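K.L.:
After the structure tokens below, expect a handful of questions from me.
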């Protein structure tokens with residue numbers, strides 16, 4: 001969430017940002033309204049408490065002057081006013097922050113402003129499209145040809161958008177995970193495997209409000225949700241902590257299974273394993289100082305691109321328009337890889353700078369040890385590999401005329417030397 005000082009000192013900056021998101025500004029107006037009520041109430045409360053203290057100190061003199069009952073009566077009235085005002089102030093603060101949670105991050109100046117994703121800006125492309133002397137198939141047909149997944153049986157067991165990974169595709173999945181983790185470890189990241197569950201309080205601090213209905217699975221009769229991404233558990237890793245400035249940046253990579261309802265994508269990509277309810281992902285997460293977060297965002301994207309360059313997958317980097325950014329994001333780049341069988345680019349990676357917005361919710365700060373001047377730091381995150389989607393992309397780019405799939409060179413060591421997945 002945004003710093004409350006920003007609403008007081010630079011409200012126009014927030015109004016402008018919300019307009020760039022093509023939203024009504026009512027939430028900003030309500031924050032300012034209830035913050036004014038809270039501040040006014042707090043001032044009145046402090047005045048009443050000061051008056052009560054003065055009255056309490058005057059009891060002895062009032063007794064000498066013979067007006068003790070009058071002073072006691074005034075003191076009781078002030079105490080009653082305090083008791084009446086305190087819950088009102090708490091309610092003003094609660095309502096203020098409820099609206100504050102609904103206001104998105106300040107849009108970065110480099111974000112293209114538009115209300116349609118058709119205006120996403122292509123920053124650069126990398127790699128050559130594969131050349132085929134046959135009509136390339138899409139990933140749905142290809143995974144069936146190599147008998148790499150069983151979605152029909154899985155739908156009977158668990159419902160739609162679930163799957164059994166089979167045979168060489170299972171090992172390809174594991175190869176991608178190991179490859180990505182090793183690449184990131186070599187770049188100085190700390191590898192982790194995070195919990196698959198998150199408490200509701202922590203989910204509220206690390207997630208979008210809209211995710212609870214559209215994305216997150218709730219565990220019945222438990223104060224737990226299944227994570228949609230390791231970003232959530234990585235963001236909470238240093239919750240309510242102060243990190244020494246000398247230790248920044250902190251770079252983590254984490255393997256997790258991710259669980260998503262995909263309620264907002266009904267009817268999209270219902271076949272194959274591209275858009276599913278359960279998938280593996282290696283996530284990157286960085287804690288940085290405000291001064292270095294833009295540079296860290298560039299490095300984060302560079303490291304991510306290196307993974308797909310080594311996999312030999314052609315891609316484009318796209319700056320996402322303002323209206324499509326989630327609340328946490330100040331700026332986001334997507335890596336969209338080329339799917340020749342489908343004839344289109346498709347998103348494999350989102351790389352986001354949340355600046356201080358996310359860290360403020362989870363109360364993660366930085367400062368010199370013992371200095372007492374801790375400040376909110378910046379957080380950044382990016383997909384390294386969402387393996388099921390990347391498998392789909394590999395299938396289309398590395399397909400052979402007979403339906404077999406060549407294995408990217410960098411993955412062969414993780415596949416026990418296997419170089420090709422044969423069609424069945």
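Each residue, glycine too, has its Cβ placed from N, Cα and C.
Pulled these from Swiss-Prot:
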- 229, 230, 231, 283, 383: L-serine binding site (BINDING)
- 260, 261, 262, 276, 347, 348, 349, 350: ATP binding site (BINDING)
K.L.:
Taking the Cβ of residue 229 (L-serine binding site) as the centre, count every other Cβ atom within 10 Å, in any protein chain shown.
P.N.:
25
K.L.:
Here's one to test understanding: among the binding-site residues 229, 230, 283, 383, whose C-alpha is closest in space to the C-alpha of residue 260 (ATP binding site)?
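P.N.:
For residue 260 (ATP binding site), the closest Cα among 229, 230, 283, 383 is found at 229.
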K.L.:
For residue 347 (ATP binding site), which residues of its chain lie six or more apart in sequence with Cβ-Cβ distance below 8 Å?
P.N.:
334, 335, 336
K.L.:
Please give the greatest C-alpha separation between any two of the ATP-binding residues 260, 261, 262, 276, 347, 348, 349, 350, in angstrom, as a whole number.
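P.N.:
So the maximum pairwise Cα distance among the ATP binders is 19 Å.
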K.L.:
Given residue 276 (ATP binding site) and residue 230 (L-serine binding site), what distance in Å do their CA atoms have, once rounded to a whole number?
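P.N.:
Rounded to the nearest whole number, the Cα-Cα distance is 16 Å.
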K.L.:
Select the closest residue to residue 348 (ATP binding site) from the following binding-site residues, measuring between CA atoms: 230, 231, 283.
P.N.:
283
K.L.:
Quiz question: given the binding-site residues 230, 276, 348, which has the greatest number of C-beta atoms lying within 10 angstroms of its own C-beta?
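P.N.:
Of 230, 276, 348, the one with the most crowded Cβ is 230.
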K.L.:
Of the binding-site residues 229, 230, 231, which sits closest to residue 262 (ATP binding site) by Cα distance?
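P.N.:
If we rank 229, 230, 231 by Cα distance to residue 262 (ATP binding site), first place goes to 229.
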K.L.:
Go through 231, 262, 283, the listed binding-site residues, and name the one with the sparsest Cβ surroundings, counting other Cβ atoms within 10 Å.
P.N.:
262
K.L.:
Considering the binding-site residues 350, 383, which residue's Cβ sits among the greatest number of other Cβ atoms within 10 Å?
P.N.:
383
K.L.:
Check the Cα distances from residue 229 (L-serine binding site) to each of the binding-site residues 261, 349, 350 and keep only the ones within 10 Å.
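P.N.:
Of 261, 349, 350, within range: none.
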K.L.:
Between all pairs in 229, 230, 231, 283, 383 (listed as L-serine binders), what's the biggest Cα distance, rounded to the nearest Å?
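P.N.:
Largest Cα to Cα distance for the L-serine-binding set is 10 Å.
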K.L.:
Have a look at the binding-site residues (260, 261) and report the one with the fewest Cβ neighbours inside 10 Å.
P.N.:
261
K.L.:
Three states by DSSP: which one describes residue 261 (ATP binding site)?
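P.N.:
Reduced to three states, the DSSP call for residue 261 (ATP binding site) is coil.
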